[in-house]
Each structure stands twice: as C-alpha cells, then as structure tokens.
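Worksheet for the structure shown next.
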Amino acid sequence: MDAVLQTRGLLSLPTKPRNTVFHPSHGLKHRFFNSKPKTFGGVSLSTNGFQKVNTFLPSKNNHVFGLKDRNLFICRAEAAASADGQPLLDEKEIEKPKILGIEVTTLKKIVPLGLMFFCILFNYTILRDTKDVLVITAKGSSAEIIPFLKTWVNLPMAIGFMLLYTKLSNALSKQALFYSVILPFIAFFGAFGFVLYPLSSYIHPEALADKLLNILGPRFLGPLAILRIWSFCLFYVMAELWGSVVVSVLFWGFANQITTIDEAKRFYPLFGLGANVALVFSGRTVKYFSNMRQHLGPGVDGWAISLKAMMSIVVGMGLAICFLYWWVNNYVPLPTRSKKKKEKPKMGTMESLKFLVSSRYIRDLATLVVAYGISINLVEVTWKSKLKAQFPSPNEYSSFMGDFSTATGIVTFVMMLLSQFIFDKYGWGVAAKITPSVLLLTGVGFFSLILFGGPVAPIIAKFGMTPLLAAVYVGALQNIFSKSAKYSLFDPCKEMAYIPLDEDTKVKGKAAIDVVCNPLGKSGGALIQQFMILTFGSLANSTPYLGGILLVIVLAWLGAAKSLDTQFTELRQEEELEKEMERAASLKIPVVAENKEGGNDSPASVSPLNPAAGGSSATNI
C-alpha cells in the first residue's frame with residue numbers, strides 16, 4: 001500500500017508509533033484519546049492530499065503510544081483502501097439528519113425539555129401568585145404572616161423534603177423517583193382546589209386562634225395566622241417547594257442527565273428566554289380567571305370558582321410534564337456518561353463560615369448573595385401589605401398579580417437580550433452594580449411614598465392616584481426591575497466571579513456560599529421583619545426602620561461589588577498574562593508541509609504539541 005501521509009503544517013507524528021495504532025487490518029480511522037479534546041481547524045491527514053478531515057473525535061480509553069497520563073492532541077487519519085487513493089468511508093454517508101441545522105436526535109431532546117420547562121414555570125407562576133392571595137387576603141391574616149411562614153414552616157419542610165428525597169434516591173430508580181416526587185404535588189393542588197378550600201371554613205380553628213390572639217395581643221397576629229389558616233399555609237409551602245424541587249431538582253437534574261455539554265451551551269440560554277414567555281402567558285391566565293367574578297351572580301364565591309379553574313390547569317400541565325418525561329425516556333437515545341466521579345468537598349456550616357472569613361474575594365461575593373436576599377425580602381413584604389390595603393378582595397389582588405407577572409416576564413425578556421451588550425460594552429463591574437442601584441433607587445421611592453404620603457398627596461392627586469395606590473405601583477416597579485436585573489445580570493455576574501479563581505478556591509467557595517449565604521439571604525430579611533414586628537407591634541410601625549436597614553444593606557452591597565470588581569479585574573489580567581507567557585514559551589517545531597506554489601515539500605514552523613501540557617514531543621516526518 002503506497003500511501004503518503006501529508007500534513008498542512010499544524011501537526012507532527014511520532015517517528016515510531018505502535019503498530020496497533022495504524023494497523024493495516026483496521027483500515028479506516030483511529031482516534032487519539034484526550035479528556036479535554038481540542039479542535040483545530042484546517043488540519044488534514046489523508047492519503048491523497050485532497051481529502052480533508054475537518055473534525056477531531058476522541059476514542060474510548062485508547063492510550064496512544066503507551067502514554068497513559070499524557071494529554072494528546074486528537075486527530076483522525078484515513079488509510080488508503082486501494083491504489084487509486086480513494087478513502088473507504090464517505091463522510092456524507094454518516095452525516096446525521098438535520099432540521100434547521102440541528103440534528104434530529106438533539107431536537108428530540110431539546111423540544112420536549114423546552115415544553116417541560118414551559119409547563120413547570122407556567123404552573124409556578126400561577127401557584128406563586130395564588131399562594132400570596134390566599135395567605136394575605138384571608139380573614140384574620142395579613143402580609144405579616146409571610147416572615148413567620150418562611151422561617152418556621154417553609155424552611156423546616158424544605159429540609160425535611162430534602163432528607164426524604166435523599167433516602168428515596170438511594171432506593172428508587174431515576175424514573176420512579178421523578179414520578180414519586182411530582183405526582184404528590186399534582187394530587188395536592190387538585191385536592192386543594194376541589195376539597196380543602198371549599199371545606200376551609202370547617203377545618204380552620206378560627207375560634208381557637210381568636211382566643212389566643214386576645215391573650216397574646218395583636219403583635220402575634222402573624223404567628224397565630226399560621227394556625228388559623230393552616231391549609232392555606234400548606235398550599236403556600238407546597239407552591240414554594242414546586243419552585244425549588246420541581247424546577248431546580250427534577251427538571252435541571254433531568255436536563256443535565258440527557259444533554260451533552262455542547263447541547264447545554266447552545267440551548268440552555270434559550271430556556272431562560274422561554275421561562276419569561278411562560279411568565280407572560282401564565283400572568284394573562286391568572287388575570288383572566290381572576291376577573292371571572294364580574295360575570296357571576298350575587299352570592300357566588302367567585303374566588304372559589306377561579307381557584308378551581310386555575311388548579312385544573314395546574315393539574316393538566318403537571319400530567320403533561322409526566323407524559324413528556326415518559327416520552328423522552330422511552331423514545332430518545334440518552335448520552336453515555338463517564339462512570340468516573342469527581343470528589344466534591346463536603347463542608348459543614350462551621351467550615352463554610354471559616355472559609356468565608358479567610359478569603360476577601362469570597363467574603364465580597366458572599367456579601368452580594370446575602371444582601372440581595374435580605375433587601376428583596378424587606379421591600380417585597382412591605383409592598384404586599386400595601387397591596388392588600390389597596391386590593392382587599394382575593395379576585396382583585398389576584399388580577400393585579402397576573403398583570404405583575406406578565407410585566408415581569410416582558411421586562412426580564414428584554415433585559416436578557418440587553419445583558420450581553422452591557423457585559424460587552426461596560427464590563428463586569430457595571431453589570432454587577434446595576435441590580436443594587438435599581439433596588440436602591442426604587443426602594444427609596446417606595447419607602448418615601450409610605451413615610452411622606454401626606455405632604456405629597458396633592459401632587460399625586462393631580463395624576464388621579466392616592467398615596468397608597470402610588471406606593472403600590474412604585475413597589476410593583478421596584479419588584480419587576482429588581483427581579484429582572486437579578487435574572488439577567490446578577491446571576492451571570494455571580495457565576496462569572498468564580499471563573500478566574502484557582503480550582504480549590506472555586507469549589508470550596510461555591511460550596512461555602514451554597515451552605516451559608518443562600519439560606520442566610522433568604523431567611524435574613526424574614527428574621528429582621530419578625531424582630532421589628534414583635535418590637536414595634538406591626539409591619540406599618542416598622543416601616544421607617546426597615547427603610548433605614550435597606551439603605552445600609554444596599555450600600556454595603558455596592559461597596560462589595562466595587563471591591564470585587566477590582567479583584568476580579570486583577571485576576572483576569574493575571575490569567576491573561578499567564579496565557580501569554582505560556583504561548584511565548586511554547587516551542588516551534590518544523591514539520592514537512594505541502595508547498596502549494598512549487599509542489600515540493602519544505603519545512604514549516606508551526607505551533608506544536610506542548611510537552612509541558614502533557615503532549616508528546618514531535619519530530620519531523
């Protein structure tokens with residue numbers, strides 16, 4: 001077999017390869033293994049000098065040239081099948097079918113995943129809006145119930161669920177675990193709309209709650225409301241768990257299981273845009289069913305009918321999620337995964353706190369996470385108390401929340417499209433400061449309307465609004481822009497901040513923030529509000545102090561963002577400098593390259609495999 005291997009000046013082959021690598025009986029191609037394959041355009045290894053190879057594909061556990069622990073560049077070689085120099089395999093014959101440039105097998109995964117994500121978030125928006133209506137507008141309750149509910153009911157149930165989920169994951173298959181978790185949610189929401197809510201006047205201990213309230217005083221209205229409307233509180237917790245369990249654990253766990261890294265990089269951002277589309281449609285749905293009361297006769301419980309309709313949709317969407325999950329598992333080929341598992345550092349609470357204190361970079365990053373959680377809770381609960389005062393009817397409250405969800409989806413969608421421009425034009429530092437700046441400006445306007453509503457009432461009246469209605473609208477704008485900035489800018493900034501860290505600090509720092517800062521940020525605002533309510537008697541009396549606390553926290557947030565920007569920039573510059581030094585230190589190795597002008601082979605200087613990076617040393621062919 002007279003075949004000559006020619007290179008294009010980008011690769012050299014060893015002088016004594018093993019016979020098992022290019023064995024004549026194999027004939028077609030061989031792949032060199034690399035745990036992190038790199039692609040280089042323009043490389044060609046062929047028998048005739050014209051058939052180019054445009055891709056590099058890794059093999060499974062092939063240790064080429066007897067080097068087990070060395071990283072090798074990957075190439076694909078073709079051997080001549082006959083004297084005419086034609087390759088045995090025509091690449092067009094193995095090209096996978098595509099639709100709109102996307103492989104059919106990929107579409108069979110991504111389209112069902114997108115529909116699942118839409119259904120999950122469609123349900124979550126309905127449940128999120130409904131849970132607030134139930135617990136805030138109920139008789140004998142108010143927005144003061146939310147801090148106590150989040151701390152003393154939601155948090156323990158979340159911990160208990162995760163313990164139960166861990167035990168089930170050890171005993172059940174993945175599919176059985178998925179159904180075992182999601183079906184109880186679907187059953188509960190259906191039962192609540194058609195059984196628990198109609199029977200609420202019989203199963204709620206209102207007389208006992210009234211007796212305890214007379215003994216303990218009005219400052220205990222929030223804690224006692226949990227007992228008074230326990231079924232509504234259970235709905236509140238289940239709706240909260242739907243967001244954390246079904247979205248974070250079930251959906252993203254399943255998505256990461258069936259998609260490759262390349263597919264994830266390409267399609268996961270589209271899921272974020274699709275989420276906001278679901279937000280818009282579900283907001284319109286809530287609005288429609290909340291306005292049904294206008295078309296009903298007197299004496300009819302309009303909210304009960306609206307609730308039954310919305311829970312029916314939630315159940316239908318839940319069953320659609322189960323069907324899509326079943327279809328993907330039965331009709332879509334899933335990617336194979338390496339069985340080798342990486343050790344993950346397990347850090348307890350005290351170890352996490354010590355690590356947070358020891359690193360200034362991690363401390364600043366932790367401040368960002370905690371400050372967001374506290375500040376958004378301080379404003380949101382105060383705003384919802386004013387919202388109930390403006391819209392005391394459940395239908396009116398729910399209708400407003402439907403408009404609120406739709407607006408949040410639209411603004412977040414636009415912000416996600418603008419976020420890339422902000423990062424490219426102004427950099428990480430500006431993007432990281434936008435969220436606290438928005439929250440500070442809108443928060444100041446909101447608390448100012450509450451505290452100084454009397455003096456500005458004549459001015460506001462010219463626009464046809466009362467100070468209360470103006471505070472409701474400003475609070476809504478504050479929540480809309482703060483959450484859209486969080487989804488489109490704050491979350492990407494937080495994840496980008498881990499990138500330039502060394503591997504040890506990156507992994508330990510993320511573990512520490514997940515263990516300590518996320519729970520602290522979520523419950524910190526609730527704990528502050530509980531202290532204020534029990535100290536000053538009500539949420540309204542605590543408003544001036546809550547505004548002052550918000551100002552201090554946001555200023556600390558901005559200071560941490562500025563400090564982190566300086567450190568982030570320095571680490572990025574160091575990383576770029578190291579890359580330049582490595583590039584300058586790389587050796588120039590001549591290889592035989594094709595001279596297109598004269599037709600003769602001549603030496604060419606190219607960038608070789610870097611021995612320091614684990615590649616084999618190359619020699620001239």
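Here the Cβ of each residue, glycine as well, is placed from N, Cα and C on the backbone.
Annotation source TrEMBL lists region 'Disordered' at 595-621. For 110-127, 147-165, 177-197, 229-255, 267-289, 309-332, 399-418, 430-453, 531-558, the entry in TrEMBL reads transmembrane segment.
Relative to the transmembrane segment (309-332), the listed stretch 110-127 leads the set 110-127, 229-255, 399-418 in CB pairs under 8 A. Here the transmembrane segment (430-453) has long-range neighbours at 368, 371-372, 375-376, 379, 382-383, 386, 419, 422-423, 460, 467-468, 470-471, 474-475, 477-478, 481-482, 485-486, 489-490, 492-493, 543-544, 546-547, 550-551, 554-555, 557-558, 561-562, 564-565, meaning same-chain residues at least 6 beyond its ends whose C-beta is under 8 angstroms from one of its own. Cβ atoms under 8 Å from those of the transmembrane segment (267-289) belong to residues 110, 113-114, 117-119, 121-123, 125-126, 129-130, 255, 259, 306, 309-310, 313, 398-399, 401-410, 412-413, 416, 487 of the same chain, restricted to positions at least 6 beyond its ends. Below 8 angstroms of C-beta separation, residues 113, 116-117, 120-121, 123-124, 127-128, 130-131, 134-135, 138, 140-141, 145, 149, 153-154, 157-158, 161, 165, 178, 181-182, 185, 188-189, 192, 196-197, 200, 203-205, 264, 268, 271, 325 of the same chain, each at least six residues beyond the ends of the transmembrane segment (229-255), sit close to that stretch. Within its own chain, the transmembrane segment (147-165) is flanked in space by residues 135, 177, 181, 222-223, 225-226, 233, 236-237, 240-241, 244-245, 249, 377, 381, 519, 522-523, 525-527, 529-530, 533, which lie at least six positions past its ends and keep a Cβ under 8 Å from the stretch.
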